[in-house]
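As recorded in TrEMBL:
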TRANSMEM  6-26  transmembrane segment
DOMAIN    50-260  domain 'Nitrate/nitrite sensing protein'
Amino acid sequence: METPFSLLIFFVLFSLLFLLFLALSLKRKRRIAERMLARGIEYIKLMRNLLTYIQQHRGLTTGYINGNTSVQAEIDKVNLHVKRIAQDIQDSGLWVRDNIKWKSLLDHWQRLAQSYLQGDADNNFKQHNILIANLLYLIEDVADSHHLAKMGGGSLDTDWRYLLSIAEYIGQARALGTGVAARGECSSVMRIQLNHLRNKISGSVEEAWSEKLRQEIKSLMQCIETQLVVDKPTIAPGDYFALATRCIDHILEQFDRQIENLQFYRYEG
């Protein structure tokens, strides 16, 4: 009778130890996953700021090349912001420091930062677009590597990654339009490009967005149509840059809110 009782005690103890081990293992995995998610969110926040300043650099330098040299001090200030944020990203963890795409992006920026002084507006615009596209791809890699899937199962207004794409459409329109306003003329090529971007932006507006954001974008679209893609542009480059920037800022405010929600949501899943 003692042997079966001993076996029973053994199996009970073994089961309890196994359950304890399983609970501790799951807790450890959860802790590791949360650290990974937190690091991914940190990367995305920093890269979002880097994206913003590189987009500003594209717009300001396009205006400079086309004659608005008064923005030189602003360009220098943006360069300092990019340098600081790039260093913050570099210092934030091994994943990014060892990432080939990140190293390539840094190298591209170092070559691009002052190349606008050569005066080639078309190449300046294209190279910025390539750099920004690569930064957006890197943000996607961060999201995939750190398990930052779309939040809330579609319960939020717009996928945060989609918001970055819309901000980039507006950023391209800001750069081209600033150049047109600075030059004081809109070529047929510029008209095609700006109208193409205007259609993309208009088609991206969602009913769930705030009335203020939708009105800002509507004002930008009307400005492009009536004050830029005309024989003689009638808006100052600084005014157009500011109008487009307000639209981008509103989009990115929405992006920031979703990232904050993601930061909270990670502890629920």
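From the backbone N, Cα and C atoms, a Cβ is placed for every residue, glycine too.
Here the transmembrane segment (6-26) has no long-range neighbours, meaning no same-chain residue at least 6 beyond its ends has a C-beta under 8 angstroms from one of its own.
The average pLDDT the prediction assigns to the domain 'Nitrate/nitrite sensing protein' (50-260) is 93.
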